[in-house]
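Read through the structure below, which is laid out as structure tokens, and then see the notes.
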Amino acid sequence: MKILLLILIAYLLGSIQTGLWIGKVFFHTNLREHGSGNTGTTNTFRVLGKTAGTITFLVDMLKGTLAVLLPIWLGVTEVSPLIIGFFAIIGHVFPFFTGFKGGKAVATSAGVLLGFVPLYFVFLLLVFALTLYLTSMISFSSITAAVVGLITLATFPAIHFLLDGYDPIFSAVLIIIALVIIFRHTENIARIRNHRENLVPFGLNLTKQNPNK
């Protein structure tokens, strides 16, 4: 019963679309009608500005971290905290409160890793940051971090010091998380291939994207 309750809490926690509610309450703006139409961090930055975007990222990430920590705090040992965290990701992607149309799972997935394997989170964050500087694309940086996450599973003996929380479930959950992130960026991948992906106002833009062409 406790496990089912934790799953429900994690899903409902993930279902809170931070950017959407910040836009409606403080800016009287529906994110679904502006920019890419997505309710996640990137579109919030683009439409509502840095402050709203930063708050959205932190809250969305915290949803994943809290979901992972809940079973630990409550002493529930019958299920891996990663499983509970995964349901927060499901909630973020398919939110009950907004017609099952949510974000791309990047920030919430990062929060899950932060709560379960902090060093590994830092490693993938550095991968994300470096890729963002080189390409100026949040989408490509997110996809790259997901792919690197998959690659590191094959090299686990070499990076075991980053995965102090590793167990067999970790591999399964990480694979699913990575695939969800990649799948949710299908439209971005198409724009990248056509050199029309949206950019952040810094970095090298090595792939020469031009969203205005």
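Even glycines carry a Cβ here, placed using N, Cα and C.
Copied over from Swiss-Prot:
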type	residues	note
TRANSMEM	3-23	transmembrane segment
TRANSMEM	55-75	transmembrane segment
TRANSMEM	80-100	transmembrane segment
TRANSMEM	110-130	transmembrane segment
TRANSMEM	142-162	transmembrane segment
TRANSMEM	163-183	transmembrane segment
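Two recorded stretches are said to be in contact when at least 3 C-beta pairs lie under 8 angstroms, sequence spacing 6 or more; the transmembrane segment (110-130) and the transmembrane segment (55-75) meet this definition. Listed by sequence, the residues of this chain that lie at least six past the ends of the transmembrane segment (55-75) yet keep a Cβ under 8 A from its Cβ atoms are 2, 6, 9-10, 13-14, 16, 18-19, 22, 40-41, 44-45, 81-82, 84-85, 87-89, 91-92, 103, 107-116.
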